[in-house]
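Everything on this sheet refers to the single structure shown next.
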Amino acid sequence: MAKRQLTRRQSWRIEKIQEERAARAAKRESRAVEELEGGDLGPEQNGLVIAHFGVQVEVEAEDGELAGQVCRCHLRANLPALVTGDRVVWRAGNQGGGVIVAQLPRRSELCRPDMRGQLKPVAANVDRIVIVFAPLPEPHANLIDRYLVAAEHAGIRPLLLLNKADLVNEENAAGLDALLATYQRLGYPLLEVSARQGAGMQELQAALDGHVSVFVGQSGVGKSSLVNSLLPGVDTRVGALSEQTGKGMHTTTTARLFHFPGGGELIDSPGIREFSLGHVRRADVEAGFIEFRDLLGHCRFRDCRHDREPGCALLKALDEGRIQPQRMASYRHILASLPEPEY
């Protein structure tokens, strides 16, 4: 059944209701912070945001007597928006709970536009983005390339992960092999695993240990199942594929951080079906295709759009086989999806 399209007035009304609810929640939160700060608060200490719940976050104490304990904290009104992975300074309350008083500088952040097109961080201090795909739902190179551009733009190392490798069969093997070969030729690290059967999971654990990683990928590729396999005993509601569409049904409802025994962390974020890159410029997309980098600036015309222009270094490389046709098609598709001024 097709999804019903909202009119502009309906969309405005929904947005207005959400704003009113957010304002009421912020007012209640402000009163809660005032009550906490009116009592006795403990000393300032460092903490790690491991989950975000609207106007409150869960903080894991990193030092002091409470080290390792998790506390639900309120945020001071003057703080910027916090996300899972943020490191903060907080103070514990005498009735439980606590107050976050400062955000520590981020080493990196992974961002995407929200429904209004405004840039919104989704995870902080990540140093590895694991791009998960599977034989089902059918993987699309364009979506993988969008994630790679986002990773390159954020300065976060990507790892390509084919999950549900046990579902590879005669019908999809050739297409998957061609897809994987494209990225292997570019030098991207790639692993094949089966969370259900356990194949390749030790290699994946070794690749994640010592890093702060985030799993991304369309719904239904098994991100929550991977977490359950990597961290037995952790409950991340596992969903199934829709029998009608073959697409994934969303499961995880909030980004959450988990610790690995080897010292690394994993941020499990909500499944997303379409990753928008509306916040990047044309130059960012070009730089996100790593095989373009040595060619950029060598076209005959400074404002070359790499379409039909004579003397284009990228088109020459495409003709010579140094750029794969699939990647050039993805590049053009991504550019076409950008806001008009950036295209």
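The backbone N, Cα and C atoms fix where each Cβ goes, glycine too.
Some features that Swiss-Prot has for this protein:
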BINDING   Asn163, Lys164, Ala165, Asp166, Gly217, Gln218, Ser219, Gly220, Val221, Gly222, Lys223, Ser224, Ser225  GTP binding site
BINDING   Cys299, Cys304, His306, Cys312  Zn(2+) binding site
DOMAIN    116-275  domain 'CP-type G'
Under a three-state DSSP reduction, the secondary structure at Lys223 (GTP binding site) is helix
Whole-number Å distance separating the Cα atoms of Cys299 (Zn(2+) binding site) and Ser219 (GTP binding site) is 40
Between the C-alpha atoms of Val221 (GTP binding site) and His306 (Zn(2+) binding site), the distance in angstrom, to the nearest integer, is 34
Asn163, Lys164, Ala165, Asp166, Gly217, Gln218, Ser219, Gly220, Val221, Gly222, Lys223, Ser224, Ser225 bind GTP per the record; greatest CA separation between any two, in Å, is 19
As a whole number of Å, the Cα atom of Cys312 (Zn(2+) binding site) is distant from the Cα atom of Asn163 (GTP binding site) by 38
By a 10 Å Cβ neighbour count, the lowest-scoring of the binding-site residues Lys223, His306 is His306
Cα of Asn163 (GTP binding site) to Cα of His306 (Zn(2+) binding site), in Å and rounded, measures 35
Smallest Cα-Cα separation from Cys304 (Zn(2+) binding site) among the binding-site residues Gly217, Ser219, Lys223, Ser225 is shown by Gly217
For the domain 'CP-type G' (116-275), the averaged pLDDT of the predicted model is 83
Smallest number of other CB atoms within 10 Å: among the binding-site residues Asn163, Ser219, Ser225, that is Ser225
CB contacts under 8 angstroms to Ala165 (GTP binding site), restricted to the same chain and 6+ apart in sequence, sorted by sequence, are Pro135, Glu192, Val193, Ser194, Ala199, Gly200
Students should find that the Cα atoms of Ser219 (GTP binding site) and His306 (Zn(2+) binding site) sit apart, in Å rounded to an integer, by 33
Comparing the Cα of His306 (Zn(2+) binding site) with the Cα atoms of the binding-site residues Gly217, Lys223, Ser225, the shortest distance belongs to Gly217
